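Undergrad: Below you will find the structure I want to go over with you.
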Amino acid sequence: MLDTQKPPRKKWWTPPFDPRFPNQNQTRNCYQNFLDYQRCVKTMSRRGKNSEPCEYYFRVYTSLCPTSWVQHWNEQIKDGTFAGKI
Amino acid sequence: MALPLRPLSRGLASAAKEGHGGTGARTWRLLTFVLALPSVALCTLNAYLHSGHRPRPEFIAYPHLRIRTKRFPWGDGNHTLFHNSHVNPLPTGYESS
């Protein structure tokens, strides 16, 4: 799951309440944070900046998403068949 | 992607029609020849002008498309019923068109 990522060394908290996803179904929350992390890393590296602010999204999606989903998506990104817009 | 917006887009066929004098056959015959058939002709013209070969989109093997959980009951089980080799790729890619 964490393949190339090491967990950030700071304290790992529970994802805070996100008012965009107030109900029981948190699927979209997981997916949105995954997308946000990928987009954040892509933009930061394109601008040559440190991608440390992106670690927030990484921590949230790691807490929320089933690991099999994350593995699946990362494979798809590597193959270029990921369907989300990054 | 989407058709480029041409000034020739016709919405005439859905134009609202005011109440008419009588319900006789004469009225509807008139409407057919004056409104319906010209609309059909204009839509045909529009379709003809937008037609023609376009570059076909490159193939990306998205896993949520071209799903084959069970073979199709016809042919080799891999082609859809109205398969067009020029625009429809198989799960592995376009057949050499």
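Cβ from N, Cα, C; glycine included.
Curation does not apply to TrEMBL; its annotations are automatic.
Fair warning: this is a prediction, and the values are worked out from it, not measured in the lab.
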Undergrad: Need the cross-check against TrEMBL: the disulphide partner of A:CYS65, picked from A:CYS30, A:CYS40.
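TA: Going by TrEMBL, A:CYS65 is disulfide-bonded to A:CYS30.
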Undergrad: With an 8 Å cut-off on Cβ-Cβ distance and a minimum sequence separation of at least 6, pull the same-chain contacts of A:CYS54 (disulfide bond), or say none.
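TA: Result: A:TYR37, A:CYS40, A:VAL41, A:MET44.
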Undergrad: Around A:CYS30 (disulfide bond), which residues of its chain at least 6 apart sit with Cβ under 8 Å of its Cβ?
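TA: Those within reach of A:CYS30 (disulfide bond), by Cβ under 8 Å and sequence separation of 6 or more, are A:TYR61, A:LEU64, A:CYS65, A:PRO66, A:TRP69.
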